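A.B. asks: TrEMBL lists 34-57, 103-119, 139-161, 173-193, 213-236, 257-284, 304-322, 334-355, 375-398, 410-433, 472-490 with the feature transmembrane segment.
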(Lines of atoms letter the chains of each structure in order from A and count residues from 1; the text may use other names and numbers.)
(Lines give C-alpha, C1' and ligand atoms only; values in the text may rest on other atoms or scores of the structure.)
Protein backbone atom coordinates (compact mmCIF):
# COMPACT_ATOMS: atom_id res chain seq x y z
CA UNK A 1 0.00 0.00 0.00
CA UNK A 2 1.30 3.43 -0.93
CA UNK A 3 1.16 6.28 1.52
CA UNK A 4 1.59 10.02 1.41
CA UNK A 5 2.33 12.56 4.12
CA UNK A 6 -1.37 13.34 4.51
CA UNK A 7 -4.28 10.95 4.91
CA UNK A 8 -2.14 7.87 4.41
CA UNK A 9 -5.11 5.63 4.73
CA UNK A 10 -6.95 7.34 1.89
CA UNK A 11 -4.57 5.69 -0.58
CA UNK A 12 -6.01 2.25 0.17
CA UNK A 13 -7.84 1.09 -2.90
CA UNK A 14 -11.30 -0.46 -2.84
CA UNK A 15 -9.62 -3.73 -3.84
CA UNK A 16 -7.41 -3.58 -0.73
CA UNK A 17 -10.36 -3.13 1.56
CA UNK A 18 -12.43 -5.76 -0.19
CA UNK A 19 -9.68 -8.36 0.02
CA UNK A 20 -9.26 -7.81 3.75
CA UNK A 21 -12.97 -7.97 4.58
CA UNK A 22 -13.42 -11.19 2.59
CA UNK A 23 -10.62 -12.96 4.49
CA UNK A 24 -11.81 -15.90 6.57
CA UNK A 25 -12.81 -14.86 10.09
CA UNK A 26 -10.74 -16.06 13.05
CA UNK A 27 -11.13 -14.63 16.57
CA UNK A 28 -7.81 -16.00 17.80
CA UNK A 29 -6.03 -13.03 19.39
CA UNK A 30 -9.26 -11.03 19.28
CA UNK A 31 -11.24 -12.69 22.06
CA UNK A 32 -10.44 -10.05 24.70
CA UNK A 33 -11.53 -7.29 22.33
CA UNK A 34 -14.64 -9.28 21.44
CA UNK A 35 -15.70 -9.57 25.08
CA UNK A 36 -14.87 -5.92 25.79
CA UNK A 37 -17.14 -4.84 22.95
CA UNK A 38 -19.81 -7.18 24.30
CA UNK A 39 -19.51 -5.49 27.72
CA UNK A 40 -19.69 -1.97 26.26
CA UNK A 41 -22.77 -2.79 24.20
CA UNK A 42 -24.32 -4.43 27.29
CA UNK A 43 -23.81 -1.19 29.22
CA UNK A 44 -25.48 0.62 26.35
CA UNK A 45 -28.47 -1.73 26.49
CA UNK A 46 -28.97 -1.40 30.25
CA UNK A 47 -30.44 2.15 30.30
CA UNK A 48 -32.45 1.27 27.18
CA UNK A 49 -34.01 -1.64 29.06
CA UNK A 50 -34.79 0.58 32.04
CA UNK A 51 -36.36 3.23 29.79
CA UNK A 52 -38.38 0.61 27.93
CA UNK A 53 -39.67 -1.06 31.10
CA UNK A 54 -40.88 2.33 32.34
CA UNK A 55 -43.41 2.27 29.51
CA UNK A 56 -44.79 -1.04 30.82
CA UNK A 57 -44.87 0.24 34.41
CA UNK A 58 -46.76 3.32 33.22
CA UNK A 59 -49.33 1.25 31.32
CA UNK A 60 -49.94 -0.94 34.39
CA UNK A 61 -50.96 2.18 36.35
CA UNK A 62 -54.28 2.22 34.40
CA UNK A 63 -54.34 6.04 34.41
CA UNK A 64 -51.96 6.51 31.48
CA UNK A 65 -53.37 7.02 27.99
CA UNK A 66 -51.90 6.05 24.61
CA UNK A 67 -51.27 9.76 24.04
CA UNK A 68 -49.11 9.71 27.20
CA UNK A 69 -47.31 6.67 25.82
CA UNK A 70 -46.75 8.47 22.51
CA UNK A 71 -45.23 11.40 24.44
CA UNK A 72 -42.97 9.10 26.44
CA UNK A 73 -41.92 7.28 23.24
CA UNK A 74 -39.98 10.44 22.31
CA UNK A 75 -37.30 9.03 24.64
CA UNK A 76 -36.46 6.52 21.88
CA UNK A 77 -35.66 9.22 19.33
CA UNK A 78 -31.99 9.99 20.19
CA UNK A 79 -30.83 6.83 18.44
CA UNK A 80 -32.52 8.13 15.31
CA UNK A 81 -31.02 11.61 15.68
CA UNK A 82 -27.45 10.76 16.74
CA UNK A 83 -26.26 11.46 13.21
CA UNK A 84 -26.42 15.16 14.07
CA UNK A 85 -23.52 14.92 16.50
CA UNK A 86 -21.69 11.80 15.21
CA UNK A 87 -19.13 13.89 13.27
CA UNK A 88 -18.26 15.69 16.52
CA UNK A 89 -17.54 12.35 18.18
CA UNK A 90 -15.34 11.33 15.26
CA UNK A 91 -13.40 14.60 15.10
CA UNK A 92 -13.08 15.98 18.64
CA UNK A 93 -11.00 14.02 21.13
CA UNK A 94 -8.04 14.16 23.47
CA UNK A 95 -5.18 12.26 21.87
CA UNK A 96 -3.68 11.08 25.18
CA UNK A 97 -7.01 9.58 26.25
CA UNK A 98 -7.95 8.07 22.90
CA UNK A 99 -10.25 8.92 20.04
CA UNK A 100 -13.17 6.83 21.32
CA UNK A 101 -12.46 6.87 25.08
CA UNK A 102 -12.52 10.67 25.09
CA UNK A 103 -16.29 10.37 24.64
CA UNK A 104 -16.98 6.95 26.10
CA UNK A 105 -15.69 7.63 29.62
CA UNK A 106 -17.47 10.95 30.39
CA UNK A 107 -20.71 9.82 28.73
CA UNK A 108 -20.90 6.63 30.81
CA UNK A 109 -20.10 8.57 33.99
CA UNK A 110 -22.99 10.94 33.21
CA UNK A 111 -25.41 8.03 32.67
CA UNK A 112 -24.45 6.67 36.08
CA UNK A 113 -24.93 10.05 37.77
CA UNK A 114 -28.34 10.65 36.15
CA UNK A 115 -29.55 7.20 37.24
CA UNK A 116 -28.53 8.12 40.79
CA UNK A 117 -30.42 11.44 40.51
CA UNK A 118 -33.51 9.66 39.14
CA UNK A 119 -33.43 7.27 42.09
CA UNK A 120 -33.49 10.21 44.51
CA UNK A 121 -36.72 11.58 42.94
CA UNK A 122 -38.46 8.39 41.79
CA UNK A 123 -41.23 8.62 44.42
CA UNK A 124 -42.41 11.86 42.82
CA UNK A 125 -41.88 10.68 39.25
CA UNK A 126 -43.61 7.31 39.65
CA UNK A 127 -45.90 7.52 42.72
CA UNK A 128 -47.76 4.51 44.09
CA UNK A 129 -51.03 6.40 43.68
CA UNK A 130 -51.86 9.27 41.37
CA UNK A 131 -50.72 10.03 37.86
CA UNK A 132 -46.99 9.67 37.08
CA UNK A 133 -45.01 12.73 36.01
CA UNK A 134 -44.89 11.74 32.32
CA UNK A 135 -43.21 14.93 31.13
CA UNK A 136 -40.34 14.83 33.63
CA UNK A 137 -39.80 11.09 33.08
CA UNK A 138 -39.69 11.77 29.36
CA UNK A 139 -37.01 14.45 29.78
CA UNK A 140 -34.88 12.33 32.10
CA UNK A 141 -34.83 9.26 29.89
CA UNK A 142 -34.50 11.41 26.78
CA UNK A 143 -31.22 12.74 28.20
CA UNK A 144 -30.12 9.24 29.24
CA UNK A 145 -30.82 7.93 25.75
CA UNK A 146 -28.95 10.84 24.17
CA UNK A 147 -25.92 9.82 26.23
CA UNK A 148 -26.44 6.13 25.37
CA UNK A 149 -26.64 7.07 21.68
CA UNK A 150 -23.37 8.99 21.99
CA UNK A 151 -21.79 5.96 23.63
CA UNK A 152 -23.07 3.88 20.70
CA UNK A 153 -21.37 6.23 18.21
CA UNK A 154 -18.05 5.86 20.00
CA UNK A 155 -18.30 2.08 20.41
CA UNK A 156 -19.41 1.54 16.79
CA UNK A 157 -16.34 3.41 15.60
CA UNK A 158 -14.05 1.66 18.07
CA UNK A 159 -15.37 -1.76 17.00
CA UNK A 160 -14.17 -1.19 13.43
CA UNK A 161 -10.58 -0.71 14.62
CA UNK A 162 -10.53 -2.75 17.83
CA UNK A 163 -11.29 -5.96 15.93
CA UNK A 164 -9.12 -7.19 13.08
CA UNK A 165 -10.53 -6.30 9.67
CA UNK A 166 -11.36 -9.93 8.86
CA UNK A 167 -13.35 -10.13 12.14
CA UNK A 168 -15.27 -6.86 11.76
CA UNK A 169 -18.45 -8.81 10.91
CA UNK A 170 -18.51 -9.97 14.54
CA UNK A 171 -19.09 -6.36 15.61
CA UNK A 172 -22.76 -6.90 14.74
CA UNK A 173 -22.83 -9.99 16.98
CA UNK A 174 -21.38 -7.97 19.90
CA UNK A 175 -23.81 -5.13 19.20
CA UNK A 176 -26.93 -7.28 18.95
CA UNK A 177 -26.02 -9.63 21.81
CA UNK A 178 -24.74 -6.89 24.12
CA UNK A 179 -27.72 -4.60 23.62
CA UNK A 180 -30.06 -7.55 24.13
CA UNK A 181 -28.33 -8.69 27.34
CA UNK A 182 -28.25 -5.17 28.75
CA UNK A 183 -31.83 -4.43 27.79
CA UNK A 184 -32.98 -7.78 29.21
CA UNK A 185 -31.25 -7.17 32.56
CA UNK A 186 -32.44 -3.56 32.79
CA UNK A 187 -36.04 -4.46 32.01
CA UNK A 188 -36.34 -7.81 33.81
CA UNK A 189 -34.85 -6.70 37.13
CA UNK A 190 -36.86 -3.47 37.23
CA UNK A 191 -40.22 -5.10 36.52
CA UNK A 192 -39.88 -8.45 38.30
CA UNK A 193 -37.68 -7.81 41.32
CA UNK A 194 -39.64 -4.70 42.32
CA UNK A 195 -42.99 -6.49 41.93
CA UNK A 196 -44.69 -7.62 45.12
CA UNK A 197 -46.79 -10.18 43.23
CA UNK A 198 -43.80 -11.82 41.52
CA UNK A 199 -41.54 -11.83 44.59
CA UNK A 200 -44.21 -13.31 46.87
CA UNK A 201 -45.04 -15.99 44.31
CA UNK A 202 -41.53 -17.05 43.26
CA UNK A 203 -38.83 -15.59 45.53
CA UNK A 204 -40.23 -15.55 49.09
CA UNK A 205 -41.37 -18.21 51.54
CA UNK A 206 -43.40 -15.66 53.52
CA UNK A 207 -45.38 -12.97 51.68
CA UNK A 208 -44.33 -9.37 52.33
CA UNK A 209 -45.09 -5.91 51.03
CA UNK A 210 -43.20 -4.68 47.98
CA UNK A 211 -40.53 -6.38 45.89
CA UNK A 212 -37.18 -7.68 47.12
CA UNK A 213 -35.71 -4.35 46.01
CA UNK A 214 -37.33 -0.97 45.49
CA UNK A 215 -37.15 0.96 42.22
CA UNK A 216 -35.21 3.64 44.08
CA UNK A 217 -32.51 1.29 45.41
CA UNK A 218 -32.27 -0.48 42.07
CA UNK A 219 -31.57 2.76 40.21
CA UNK A 220 -28.96 3.67 42.83
CA UNK A 221 -27.25 0.30 42.23
CA UNK A 222 -27.22 0.66 38.45
CA UNK A 223 -25.79 4.16 38.71
CA UNK A 224 -22.94 3.01 40.96
CA UNK A 225 -22.21 -0.04 38.79
CA UNK A 226 -22.03 2.20 35.70
CA UNK A 227 -19.47 4.44 37.37
CA UNK A 228 -17.33 1.51 38.63
CA UNK A 229 -17.20 -0.33 35.27
CA UNK A 230 -16.44 2.89 33.41
CA UNK A 231 -13.53 3.55 35.76
CA UNK A 232 -12.10 0.06 35.15
CA UNK A 233 -12.41 0.39 31.36
CA UNK A 234 -10.75 3.80 31.49
CA UNK A 235 -7.80 2.47 33.48
CA UNK A 236 -7.26 -0.99 32.00
CA UNK A 237 -8.03 -0.63 28.28
CA UNK A 238 -5.58 1.36 26.19
CA UNK A 239 -6.90 2.58 22.87
CA UNK A 240 -4.79 2.17 19.78
CA UNK A 241 -5.42 5.14 17.52
CA UNK A 242 -4.73 4.10 13.93
CA UNK A 243 -6.86 6.72 12.21
CA UNK A 244 -4.24 9.41 11.94
CA UNK A 245 -0.57 8.70 12.55
CA UNK A 246 2.11 11.19 13.58
CA UNK A 247 2.78 13.76 10.90
CA UNK A 248 -0.71 13.43 9.44
CA UNK A 249 -3.38 16.07 9.43
CA UNK A 250 -6.24 15.51 11.83
CA UNK A 251 -9.72 15.75 10.36
CA UNK A 252 -11.57 18.62 12.03
CA UNK A 253 -15.27 18.99 12.74
CA UNK A 254 -16.08 20.89 9.54
CA UNK A 255 -14.26 18.26 7.51
CA UNK A 256 -16.27 15.50 9.19
CA UNK A 257 -19.58 17.19 8.34
CA UNK A 258 -18.41 17.57 4.75
CA UNK A 259 -17.58 13.87 4.72
CA UNK A 260 -21.06 13.17 6.04
CA UNK A 261 -22.55 15.24 3.25
CA UNK A 262 -20.39 13.37 0.71
CA UNK A 263 -21.70 10.06 2.05
CA UNK A 264 -25.28 11.27 1.74
CA UNK A 265 -24.63 12.33 -1.86
CA UNK A 266 -23.73 8.78 -2.85
CA UNK A 267 -26.69 7.55 -4.97
CA UNK A 268 -26.72 4.12 -3.33
CA UNK A 269 -26.76 5.61 0.17
CA UNK A 270 -29.75 7.81 -0.69
CA UNK A 271 -31.71 4.82 -1.96
CA UNK A 272 -30.68 2.80 1.09
CA UNK A 273 -31.91 5.63 3.34
CA UNK A 274 -35.36 5.61 1.75
CA UNK A 275 -35.58 1.81 2.01
CA UNK A 276 -34.64 1.54 5.66
CA UNK A 277 -36.51 4.61 6.93
CA UNK A 278 -39.74 3.01 5.66
CA UNK A 279 -38.80 -0.57 6.59
CA UNK A 280 -40.73 -0.85 9.89
CA UNK A 281 -44.18 0.27 8.76
CA UNK A 282 -45.43 -3.26 8.04
CA UNK A 283 -45.03 -4.46 11.64
CA UNK A 284 -45.15 -1.17 13.58
CA UNK A 285 -48.36 -2.10 15.40
CA UNK A 286 -47.24 -5.61 16.32
CA UNK A 287 -43.87 -4.38 17.61
CA UNK A 288 -45.03 -1.29 19.53
CA UNK A 289 -48.68 -1.60 20.51
CA UNK A 290 -49.44 -5.29 21.02
CA UNK A 291 -47.68 -5.59 24.39
CA UNK A 292 -49.60 -2.61 25.78
CA UNK A 293 -52.85 -4.03 24.41
CA UNK A 294 -52.13 -7.32 26.18
CA UNK A 295 -51.75 -5.44 29.46
CA UNK A 296 -55.04 -3.62 28.80
CA UNK A 297 -56.67 -7.00 28.12
CA UNK A 298 -55.60 -8.35 31.52
CA UNK A 299 -52.21 -10.02 31.02
CA UNK A 300 -49.92 -9.07 33.92
CA UNK A 301 -46.74 -7.10 33.32
CA UNK A 302 -44.86 -9.73 35.36
CA UNK A 303 -45.89 -12.53 32.99
CA UNK A 304 -44.93 -10.46 29.96
CA UNK A 305 -41.58 -9.57 31.54
CA UNK A 306 -40.76 -13.23 32.27
CA UNK A 307 -41.62 -14.19 28.71
CA UNK A 308 -39.57 -11.29 27.35
CA UNK A 309 -36.60 -12.31 29.54
CA UNK A 310 -36.61 -15.84 28.20
CA UNK A 311 -36.89 -14.52 24.65
CA UNK A 312 -33.99 -12.13 25.20
CA UNK A 313 -31.85 -15.05 26.33
CA UNK A 314 -32.84 -16.90 23.17
CA UNK A 315 -31.91 -13.83 21.11
CA UNK A 316 -28.39 -13.83 22.56
CA UNK A 317 -27.94 -17.44 21.48
CA UNK A 318 -29.40 -16.62 18.06
CA UNK A 319 -26.86 -13.82 17.58
CA UNK A 320 -24.01 -16.30 17.87
CA UNK A 321 -25.73 -19.06 15.88
CA UNK A 322 -26.52 -16.86 12.89
CA UNK A 323 -23.19 -15.01 13.13
CA UNK A 324 -21.63 -17.24 10.49
CA UNK A 325 -24.49 -16.41 8.09
CA UNK A 326 -24.67 -12.68 8.70
CA UNK A 327 -20.88 -12.22 8.65
CA UNK A 328 -20.84 -13.58 5.10
CA UNK A 329 -21.09 -11.54 1.90
CA UNK A 330 -24.94 -11.62 1.61
CA UNK A 331 -26.63 -10.79 4.95
CA UNK A 332 -29.54 -9.11 3.16
CA UNK A 333 -30.62 -12.41 1.63
CA UNK A 334 -31.47 -13.67 5.12
CA UNK A 335 -33.16 -10.34 5.92
CA UNK A 336 -35.43 -10.55 2.87
CA UNK A 337 -36.45 -14.16 3.57
CA UNK A 338 -37.80 -13.16 6.98
CA UNK A 339 -39.98 -10.22 5.91
CA UNK A 340 -42.97 -12.26 4.56
CA UNK A 341 -43.06 -14.29 7.79
CA UNK A 342 -43.10 -11.13 9.92
CA UNK A 343 -45.95 -9.63 7.89
CA UNK A 344 -47.91 -12.87 8.11
CA UNK A 345 -47.43 -12.85 11.89
CA UNK A 346 -49.63 -9.73 12.12
CA UNK A 347 -52.73 -11.88 11.60
CA UNK A 348 -52.32 -14.24 14.61
CA UNK A 349 -51.29 -11.31 16.80
CA UNK A 350 -54.49 -9.42 15.96
CA UNK A 351 -56.53 -12.57 16.67
CA UNK A 352 -54.70 -13.14 19.97
CA UNK A 353 -55.43 -9.59 21.17
CA UNK A 354 -59.08 -9.99 20.21
CA UNK A 355 -59.58 -13.26 22.12
CA UNK A 356 -57.32 -12.49 25.11
CA UNK A 357 -60.09 -11.12 27.43
CA UNK A 358 -62.11 -14.29 26.84
CA UNK A 359 -59.22 -16.75 27.17
CA UNK A 360 -57.78 -15.32 30.40
CA UNK A 361 -61.21 -15.51 32.08
CA UNK A 362 -61.95 -19.01 30.82
CA UNK A 363 -65.44 -20.31 31.70
CA UNK A 364 -66.02 -17.13 33.70
CA UNK A 365 -63.96 -18.33 36.68
CA UNK A 366 -61.08 -15.91 36.18
CA UNK A 367 -58.75 -18.75 35.27
CA UNK A 368 -56.86 -18.70 31.98
CA UNK A 369 -57.37 -21.33 29.30
CA UNK A 370 -54.57 -23.92 29.36
CA UNK A 371 -53.89 -23.01 25.72
CA UNK A 372 -53.53 -19.26 26.19
CA UNK A 373 -50.05 -18.84 27.63
CA UNK A 374 -48.42 -21.51 25.44
CA UNK A 375 -49.93 -19.71 22.45
CA UNK A 376 -48.76 -16.32 23.72
CA UNK A 377 -45.23 -17.61 24.34
CA UNK A 378 -45.13 -19.23 20.89
CA UNK A 379 -46.17 -16.05 19.05
CA UNK A 380 -43.85 -13.79 21.05
CA UNK A 381 -40.99 -16.27 20.51
CA UNK A 382 -41.46 -16.25 16.76
CA UNK A 383 -41.68 -12.46 16.73
CA UNK A 384 -38.51 -12.02 18.81
CA UNK A 385 -36.49 -14.52 16.81
CA UNK A 386 -37.45 -13.05 13.44
CA UNK A 387 -37.00 -9.45 14.60
CA UNK A 388 -33.60 -10.14 16.16
CA UNK A 389 -32.32 -12.04 13.15
CA UNK A 390 -33.24 -9.11 10.90
CA UNK A 391 -31.50 -6.75 13.31
CA UNK A 392 -28.25 -8.73 13.26
CA UNK A 393 -28.36 -9.08 9.47
CA UNK A 394 -28.83 -5.33 9.09
CA UNK A 395 -25.88 -4.54 11.37
CA UNK A 396 -23.67 -7.00 9.51
CA UNK A 397 -24.58 -5.39 6.19
CA UNK A 398 -23.82 -1.91 7.54
CA UNK A 399 -20.47 -3.05 8.98
CA UNK A 400 -19.51 -4.55 5.64
CA UNK A 401 -20.22 -1.50 3.49
CA UNK A 402 -18.98 1.18 5.93
CA UNK A 403 -15.79 3.07 5.07
CA UNK A 404 -13.70 2.31 8.18
CA UNK A 405 -11.59 5.46 7.69
CA UNK A 406 -14.56 7.40 9.10
CA UNK A 407 -16.12 4.47 10.92
CA UNK A 408 -18.18 6.27 13.58
CA UNK A 409 -19.72 8.75 11.15
CA UNK A 410 -20.46 6.19 8.44
CA UNK A 411 -21.87 3.51 10.78
CA UNK A 412 -23.93 6.12 12.63
CA UNK A 413 -25.43 7.38 9.38
CA UNK A 414 -26.45 3.89 8.31
CA UNK A 415 -27.75 2.96 11.77
CA UNK A 416 -29.71 6.21 11.80
CA UNK A 417 -31.76 5.01 8.85
CA UNK A 418 -32.78 1.84 10.71
CA UNK A 419 -33.26 3.62 14.06
CA UNK A 420 -35.33 6.39 12.52
CA UNK A 421 -37.61 3.78 10.99
CA UNK A 422 -38.30 2.27 14.41
CA UNK A 423 -38.65 5.58 16.25
CA UNK A 424 -41.08 7.38 13.96
CA UNK A 425 -43.19 4.27 13.31
CA UNK A 426 -43.37 3.61 17.08
CA UNK A 427 -44.56 7.12 17.92
CA UNK A 428 -46.97 7.16 14.98
CA UNK A 429 -48.40 3.72 15.80
CA UNK A 430 -49.06 4.69 19.43
CA UNK A 431 -50.41 8.12 18.54
CA UNK A 432 -52.81 6.84 15.88
CA UNK A 433 -54.54 4.23 18.05
CA UNK A 434 -56.84 6.74 19.75
CA UNK A 435 -57.37 8.64 16.48
CA UNK A 436 -58.54 5.51 14.65
CA UNK A 437 -60.63 4.21 17.56
CA UNK A 438 -64.35 5.02 17.35
CA UNK A 439 -66.08 5.48 20.72
CA UNK A 440 -69.65 6.30 21.68
CA UNK A 441 -71.08 7.53 24.95
CA UNK A 442 -73.39 4.94 26.49
CA UNK A 443 -75.97 7.62 27.39
CA UNK A 444 -75.61 9.84 24.31
CA UNK A 445 -75.33 8.26 20.85
CA UNK A 446 -74.34 11.61 19.34
CA UNK A 447 -71.26 11.90 21.58
CA UNK A 448 -68.36 10.00 19.99
CA UNK A 449 -65.85 10.95 22.72
CA UNK A 450 -63.38 12.31 20.14
CA UNK A 451 -61.90 14.85 22.52
CA UNK A 452 -61.17 15.01 26.24
CA UNK A 453 -63.95 17.59 26.63
CA UNK A 454 -66.54 15.24 25.10
CA UNK A 455 -65.23 12.32 27.15
CA UNK A 456 -65.54 14.39 30.34
CA UNK A 457 -69.07 15.39 29.33
CA UNK A 458 -69.98 11.71 29.00
CA UNK A 459 -68.50 10.92 32.42
CA UNK A 460 -70.28 13.93 33.94
CA UNK A 461 -73.61 12.41 32.93
CA UNK A 462 -72.44 9.07 34.43
CA UNK A 463 -71.99 7.51 31.03
CA UNK A 464 -69.16 5.39 29.67
CA UNK A 465 -67.27 5.89 26.40
CA UNK A 466 -67.65 2.44 24.88
CA UNK A 467 -65.39 1.35 22.01
CA UNK A 468 -67.35 0.67 18.82
CA UNK A 469 -64.40 0.22 16.44
CA UNK A 470 -60.96 -0.56 17.87
CA UNK A 471 -58.27 1.46 16.11
CA UNK A 472 -55.73 -1.29 16.81
CA UNK A 473 -57.26 -3.58 14.18
CA UNK A 474 -57.69 -0.84 11.59
CA UNK A 475 -54.09 0.23 11.99
CA UNK A 476 -52.86 -3.37 11.86
CA UNK A 477 -54.63 -3.89 8.51
CA UNK A 478 -53.27 -0.67 7.00
CA UNK A 479 -49.70 -1.39 8.11
CA UNK A 480 -49.80 -4.94 6.76
CA UNK A 481 -50.94 -3.76 3.31
CA UNK A 482 -48.21 -1.09 3.21
CA UNK A 483 -45.63 -3.66 4.32
CA UNK A 484 -46.51 -6.04 1.48
CA UNK A 485 -46.20 -3.25 -1.09
CA UNK A 486 -42.85 -2.18 0.43
CA UNK A 487 -41.42 -5.70 0.27
CA UNK A 488 -42.08 -6.19 -3.44
CA UNK A 489 -40.82 -2.69 -4.19
CA UNK A 490 -37.38 -3.04 -2.53
CA UNK A 491 -36.32 -6.69 -2.55
CA UNK A 492 -34.46 -6.62 -5.86
CA UNK A 493 -32.62 -3.43 -4.89
CA UNK A 494 -31.41 -4.91 -1.60
CA UNK A 495 -30.25 -8.07 -3.34
CA UNK A 496 -28.24 -5.95 -5.74
CA UNK A 497 -26.73 -3.71 -3.05
CA UNK A 498 -25.19 -6.59 -1.11
CA UNK A 499 -23.26 -7.72 -4.20
CA UNK A 500 -21.64 -4.32 -4.89
CA UNK A 501 -17.94 -3.99 -4.09
CA UNK A 502 -16.49 -1.41 -1.70
CA UNK A 503 -15.89 1.22 -4.38
CA UNK A 504 -19.65 1.93 -4.51
CA UNK A 505 -19.67 3.00 -0.86
CA UNK A 506 -16.39 4.94 -0.44
CA UNK A 507 -16.03 8.72 -0.33
CA UNK A 508 -13.13 10.82 -1.59
CA UNK A 509 -11.61 12.04 1.67
CA UNK A 510 -8.85 13.95 -0.13
CA UNK A 511 -11.34 16.01 -2.12
CA UNK A 512 -13.32 16.85 1.00
CA UNK A 513 -10.18 17.81 2.91
CA UNK A 514 -9.11 20.10 0.05
CA UNK A 515 -12.54 21.73 -0.09
CA UNK A 516 -12.43 22.30 3.65
CA UNK A 517 -9.05 24.08 3.42
CA UNK A 518 -10.31 26.34 0.66
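Glycine residues also receive a Cβ, built from the backbone N, Cα and C atoms like all the rest.
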A.B. asks: Take the transmembrane segment (139-161) and find every residue of the same chain, 6 or more past its ends, with a Cβ under 8 Å from one of its Cβ atoms.
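C.D. replies: Contacts with the transmembrane segment (139-161): 37, 40-41, 43-44, 47-48, 50-51, 54, 72, 74-79, 81-82, 85-86, 89-90, 99-101, 103-104, 107-108, 110-111, 114-115, 118, 125, 168, 171, 174-175, 239-240, 242-243, 399, 402, 404, 407-409, 411-412, 415.
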A.B. asks: Report yes or no: does the transmembrane segment (334-355) come within contact of the transmembrane segment (257-284), defined as 3 or more CB pairs under 8 Å with a sequence separation of 6 or more?
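C.D. replies: Between the transmembrane segment (257-284) and the transmembrane segment (334-355), which are separate recorded stretches, there is contact, as judged by 3 or more close Cβ pairs.
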A.B. asks: Six or more residues out from either end of the transmembrane segment (34-57), which same-chain residues have a Cβ under 8 Å from its Cβ atoms?
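C.D. replies: Distant Cβ neighbours of the transmembrane segment (34-57) are 27, 69, 72-73, 75-76, 104, 108, 111, 115, 126, 137, 141, 144-145, 147-148, 151-152, 155, 158-159, 162-163, 167, 170-171, 174-175, 177-188, 190-191, 219, 222, 226, 229-230, 233, 237, 291-292, 295, 301, 304-305.
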A.B. asks: Mind checking which residues reach the transmembrane segment (304-322)? Cβ under 8 Å, same chain, six or more beyond either end.
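C.D. replies: Those are 53, 56, 173, 176-177, 180-181, 183-184, 187-188, 191-192, 198, 291, 294-295, 334, 376-377, 380-381, 384-385, 388-389, 392-393, in sequence order.
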A.B. asks: Going through 103-119, 173-193, 213-236, 257-284 one by one, which has the most CB pairs that fall under 8 Å from the transmembrane segment (375-398)?
C.D. replies: 173-193
